[in-house]
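Q: From TrEMBL, here are the annotated features:
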type	residues	note
REGION	92-120	region 'Disordered'
TRANSMEM	6-30	transmembrane segment
TRANSMEM	42-61	transmembrane segment
TRANSMEM	67-86	transmembrane segment
Amino acid sequence: MTPVEVVVLALVAGSVAFSMLAVVGFARLPDVFARTHAASKSETLGALLGLGAAAVAFGPTQAALKIVLLAAFVLVTGPTAAHAIVRAATRSGETPVTDGGSDHLGDTASASTNDTERGR
């Protein structure tokens, strides 16, 4: 096995591990907020590792450059989509499942004004 194949195998193994972690988190966590957090963070890293494995396997070619651009796209859009989903859930009235604690955001997540307009 060549060193490049070892690196590709390690990246693919990491990709599979983080993708599985995302699936487990999505299946086991109690609400949309925790599920979105688990799915977006783990799956973004899993996708980046998988794309990294493909880029290393292709070597310095035009395909590898396209893969790097795709990885940058995934890095930006994954967390942005998760934020949009959680914000929509908050605005629709969903509340996080807590163990007796309080919602630290209060009503600020659904407000359309910023802190300076509220006098803070």
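Sequential numbering from 1, following the chain as shown.
Keep in mind that glycine also has a Cβ here, set from the backbone N, Cα and C atoms.
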Q: Hey, which bits of the same chain come close to the transmembrane segment (6-30), Cβ under 8 Å, at least six residues off its ends?
A: 37-39, 41-43, 45-47, 49-50, 52-53, 56-57, 97
Q: With Cβ-Cβ distances below 8 Å as the criterion, list the same-chain residues six or more beyond the ends of the transmembrane segment (67-86) that contact it, or say none.
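A: 32-33, 36-37, 39-41, 43-44, 47-48, 51-52, 54-55, 58.
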